[in-house]
Amino acid sequence: MNPPTRVAITAVSGRMGRALIQALEGRDDLQLSAAIGRAGAEYLKQDAGRLAGVMPLGVPVIADLRAVLAQDKTVDVVIEFGPVAAALDHVLACQQTKTPIVIGTTGFSSEQQNVLKTASRDIPLLLAPNMSVGINVLLAYLPAITKALGESYDVEIVEAHHRHKVDAPSGTALALGRAVAKGRGVDLKDVECLDRNTIRGPRQEGSIGFATLRAADVVGEHTVWLAGAGERLELTHRAASRLNFAEGALRAARWLAAQSPGFYDMQDVLGLKPGPVL
Ligand SMILES: NC(=O)C1=CN([C@@H]2O[C@H](COP(=O)(O)OP(=O)(O)OC[C@H]3O[C@@H](n4cnc5c(N)ncnc54)[C@H](OP(=O)(O)O)[C@@H]3O)[C@@H](O)[C@H]2O)C=CC1
Ligand SMILES: O=C(O)C1=N[C@H](C(=O)O)C[C@H](O)C1
């Protein structure tokens, strides 16, 4: 049997951090080798398993990813679901130590995404705003669906998340928008409509609209509306729990640890590229 892939998980105290530790339980192909939390947090030194509400794992939460990666090869891949600033710092630490990194964090600016792309010249780096199989299949087919329906169909993307989410629209909604734009041969930045409150007038032809809901404990829901004269196609994905995302991230980590430096996404992991012919 192949040795387990040794993973370091950052932001372990977060909703996704805890889900990742829970999803590791019972797996012999992956092993937690480091658990990283926020400097100064009260949970530092606690066992990562206990923090996530599962069996103790013998891995205390520490604050310094750099120190762990500086040690001789104890981590095969880092999984990052922390805030943007922490994620960027962790990417630089990975770049310096040639460690692959899976990133689920959303809300990077274009400039920040360029930092990630630059790092991926030196290390395998995977960025995916949504690690679920369902969303990634939708992302793969959406360009072809949009193209088949034609320019006259209005596209609106509606997303709903829990009340704690900080970025809007969600990373997934923006990725769905880019997939629609790809099907139309345009750049999303040129056609996106993120806010209808500040403009007056009818819907701009060819625009892609976004609407955001934030409420209670909604895990994550996305609907793409494709509305033509007299009909409407609605493509909806609903995440029932974060374990789905966590399992996708673990699958990605195992895959990425065996790749050469490059910029990857979840569709690479799932073998969904190049996708249907446009
Ligand atoms: N790609 C995907 O499939 C998915 C992506 N996401 C994305 O993942 C991200 C996290 O979401 P979620 O887990 O809900 O967020 P949370 O707010 O629950 O978790 C973020 C955690 O990061 C911790 N943190 C803050 N600073 C640091 C630091 N410097 N080092 C280490 N940890 C730090 C915080 O710790 P503390 O508790 O101490 O404040 C907090 O617990 C978001 O960007 C979200 O959009 C979410 C779900 C799925
Ligand atoms: O913050 C979340 O919770 C989620 N964020 C991701 C996003 O921004 O698309 C993915 C998922 O929907 C949950």
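Quick reminder: no glycine exception, Cβ is built from N, Cα and C everywhere.
Annotations in TrEMBL come from automatic prediction, not curation.
As recorded in TrEMBL:
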- HIS161: active site, proton donor/acceptor (ACT_SITE)
- LYS165: active site, proton donor (ACT_SITE)
- GLY104, THR105, THR106, ALA128, PRO129, ASN130, MET131: NAD(+) binding site (BINDING)
- HIS162, GLY171, THR172: (S)-2,3,4,5-tetrahydrodipicolinate binding site (BINDING)
- 6-131: domain 'Dihydrodipicolinate reductase N-terminal' (DOMAIN)
- 134-270: domain 'Dihydrodipicolinate reductase C-terminal' (DOMAIN)
For THR172 ((S)-2,3,4,5-tetrahydrodipicolinate binding site), which residues of its chain lie six or more apart in sequence with Cβ-Cβ distance below 8 Å? THR106, PRO129, ASN130, ILE135, GLU159, GLY220, HIS222
Per 10 Å Cβ neighbour count, which of the recorded positions HIS161, HIS162, LYS165 ranks highest? HIS161
From PRO129, ASN130, MET131, which binding-site residues have a C-beta atom under 6 Å away from some atom of ligand 2? PRO129, ASN130
I'd like to confirm something. Which of the recorded positions, HIS161, HIS162, LYS165, GLY171, has a Cα closest to the Cα of MET131 (NAD(+) binding site)? GLY171
CB neighbours within 10 A of MET131 (NAD(+) binding site), counting all protein chains shown, number 27
Hey, what's the Cβ neighbour count for ALA128 (NAD(+) binding site) at 10 Å? 26
Contacting recorded positions for ligand 1, chosen from HIS161, HIS162, THR172 when the Cβ sits under 6 angstroms of any of its atoms: none
In the same chain, outside GLY104, THR105, THR106, ALA128, PRO129, ASN130, MET131, whose C-beta lies within 8 angstroms of the Cβ mean position for the NAD(+) site? PHE81, ILE103, LEU127, GLY171, THR172, PHE245, MET266
Would you mind splitting the domain 'Dihydrodipicolinate reductase C-terminal' (134-270) into helix, strand and coil residue counts from DSSP? 52 helix, 38 strand, 47 coil
What Cα-Cα separation, expressed in whole Å, is found between THR105 (NAD(+) binding site) and HIS162 ((S)-2,3,4,5-tetrahydrodipicolinate binding site)? 16
For THR105 (NAD(+) binding site), list the number of other Cβ atoms lying within 10 Å of its Cβ atom. 25
Any idea which of the binding-site residues THR106, ASN130 has the thinnest Cβ neighbourhood at 10 Å? THR106
Over the span of the domain 'Dihydrodipicolinate reductase N-terminal' (6-131), count residues by DSSP class, listing helix, strand and coil in order. 44 helix, 26 strand, 56 coil
